Amino acid sequence: MSEDATEDCPNGSDDVVVGSDDVVVVKLGGSLITEKDRPETIDENALEAACDTIGAALADGAVAPDRLVLVHGGGSFGHHHASKHGVSTTAGTHDAAAAFEIHGAMARLNHAIVTRLHDRSVPAVPVHPLSTSSRPSGVDRDLDLPTASMATLLAEGFVPVIHGDGVATRGAGITVVSGDELVVEIAERFGADRVGLCSTVPGVLDDEGVIVPEITSFEAVAEYLGGSDATDVSGGMAGKVRELLALSSQAFVFGPDGLDGFLRGDEPGTRIG
Ligand SMILES: Nc1ncnc2c1ncn2[C@@H]1O[C@H](COP(=O)(O)OP(=O)(O)OP(=O)(O)O)[C@@H](O)[C@H]1O
Ligand SMILES: C=C(C)CCOP(=O)(O)O
């Protein structure tokens, strides 16, 4: 990333304003990369295919490694353990063993993704929110996500791979932060104008299974939006659309067939915002 792309921290905080507006944020949904109804089971075919697509896009220059931030969800790793302990984006725990079990599952999934990206020569490195992020004002309040490390990782040519995780939450111990919320936080902080969320469905579908081309208000599609097909503690598609509507730029929700096109500038699936 060019030197002038990262401005000094405007207020001396951890917030880093990255001047470049061509950062690309991509989420690999947990429904895509895991078998969401089988605890801690990776969907090998889907994950390998997604890593092939990302590796190819970097290799032929469609995306530069210092412009790409990858986020992934929990699927049958994080959601399984969080649900078992009654932990969600709104319900926390003060049981360190439970929090460690949830984080540990996410770290195992993250490790599996990073190693498969390395097999494709993607300079991926893990970023774990539990160790640095928080909700200092409590449940459902603002997320404090330090981004200085990710900005410097990008500037040094690495691809940060961050994930839904546990998050220290004032008054509730540790709750869950969804990858969807991380996508919004990172996209806003880095001024990304390319935001894509890849899941198992080709887009947000209406009650006849047809892709909704564009969503600009939650109420317009609320009747179509449900939870996930399997155990989920962060709101499923309804939660996803709600999070993405808070984004100041557009985001796209698409299926695995849309990932390559998205990385190359297409606008697959459903446009949100
Ligand atoms: N209107 C809708 N259109 C498309 N999918 C929907 C809709 N309503 C509910 N869903 C469900 O939402 C799922 C996608 O949401 P989910 O939260 O599982 O995505 P994800 O990001 O892949 O998973 P994770 O949250 O584990 O990262 C789909 O697999 C589908 O079963
Ligand atoms: C359940 C955990 C810990 C991760 C939630 O992230 P998401 O799957 O992106 O909603």
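Every residue, even glycine, has its Cβ placed from backbone N, Cα and C.
Note: TrEMBL annotation is automatic and uncurated.
Computed from a predicted structure; not experimentally measured.
If you look up TrEMBL, you'll see 23-247 marked as domain 'Aspartate/glutamate/uridylate kinase'.
Under the DSSP three-state reduction, SER31 (ATP binding site) is assigned to helix. For LYS27, LEU28, GLY29, GLY30, SER31, GLY75, GLY236, LYS240, the entry in TrEMBL reads ATP binding site.
Summarising the annotation, TrEMBL assigns site 'Transition state stabilizer' to LYS36. According to its DSSP assignment, LYS36 (site 'Transition state stabilizer') is coil. The Cβ of LYS36 (site 'Transition state stabilizer') lies under 8 Å from the Cβ of GLY30, GLY75, SER76, HIS79, SER228, ASP229, ALA230, THR231, ASP232, each of these being in the same chain and 6 or more residues away along the sequence.
DSSP assigns GLY74 (substrate binding site) to coil in the three-state reduction, outside any helix or strand. Residues or ranges marked as substrate binding site in TrEMBL: GLY74, HIS79, GLY179.
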Helix, strand or coil by DSSP: which one applies to LYS240 (ATP binding site)? helix
Could you state, as a whole number of Å, the largest distance between Cα atoms of any two of GLY74, HIS79, GLY179, the listed substrate binders? 12
Annotated ATP contacts LYS27, LEU28, GLY29, GLY30, SER31, GLY75, GLY236, LYS240, maximal Cα-Cα distance (Å, integer): 14
Please report the Cα separation of LYS27 (ATP binding site) and GLY74 (substrate binding site) in Å, rounded to an integer. 11
Cα-Cα, whole number of Å: LEU28 (ATP binding site) versus GLY74 (substrate binding site)? 10
Reduce the DSSP letter at GLY179 (substrate binding site) to three states and note it down. helix
